[in-house]
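Annotation comment: TrEMBL describes 11-110 as domain 'R-spondin Fu-CRD'. The domain 'Spondin-like TSP1' annotation in TrEMBL covers 116-171. Taken from TrEMBL, the feature region 'Disordered' applies to 169-247. According to TrEMBL, the feature compositional bias 'Basic residues' maps to 181-191. Residues annotated as compositional bias 'Basic and acidic residues' in TrEMBL: 192-223.
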Amino acid sequence: MHPNVSQGCQGGCATCSDYNGCLSCKPRLFFVLERIGMKQIGVCLSSCPSGYYGTRYPDINKCTKCKADCDTCFNKNFCTKCKSGFYLHLGKCLDNCPEGLEANNHTMECVSIVHCEASEWSPWSPCMKKGKTCGFKRGTETRVREITQHPSAKGNLCPPTSETRKCTVQRKKCQKGERGKKGRERKRKKPNKEESKDAIPDNKGLEPSRETPEQRENKDKQQQKKRKVQDKQQKSSVDLFWGLKSP
């Protein structure tokens, strides 16, 4: 045995040296070289560190460094996580994702583009106008659908989720309680003929309003004055008549 090689090593080494550290490892442990300054030191670990992958050989289990753009890997040809600025696709680290795929900046992977999907249209709603289904001839009807799959960043946008079209129905009268607010206001503003007729007072057959004492007194005075004038005129006519007949 070389004089610089020792078998009384620490840290899982089978053989070691004062200058190079571990030279071989105990069974099931992985040998890896760690750089410290300008020199490399051998260490024995139960699993390979990040950026390395392990390979088992009959005489030694060895950790080998991943490719430069790979952060963690399964072997030299299959990366499991890329370094910053690269996107993982099928074990490789790429600057840009292939056509038909898009970059997921959260997972740093190339993923399939997802397009928007919508359900089937619902049946058309009843023909309506101002929230009512009566009291009109022309109105509108509506149908809706739901979004079942929202799109990814490069996916097709979602279509409209509602459609409205004009409709025509046979006019029918609204039942009690079906008239809308505007209809009730219109009814208050424009009473029907029967209400208008009832609202106009009919004085036919009613007794005349009673006169006050003052009105009755003034009326009596006017009648007395009128009779005096008539009596005076009658007296003047009689005097004139007898004056003409005197001998």
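Cβ atoms here come from the backbone N, Cα and C positions, even for glycine.
When pLDDT is averaged over the domain 'R-spondin Fu-CRD' (11-110), the result is 90.
Per DSSP, the secondary structure of the domain 'R-spondin Fu-CRD' (11-110) breaks down as 0 helix, 57 strand, 43 coil. For the domain 'Spondin-like TSP1' (116-171), DSSP puts the residue distribution at 0 helix, 22 strand, 34 coil.
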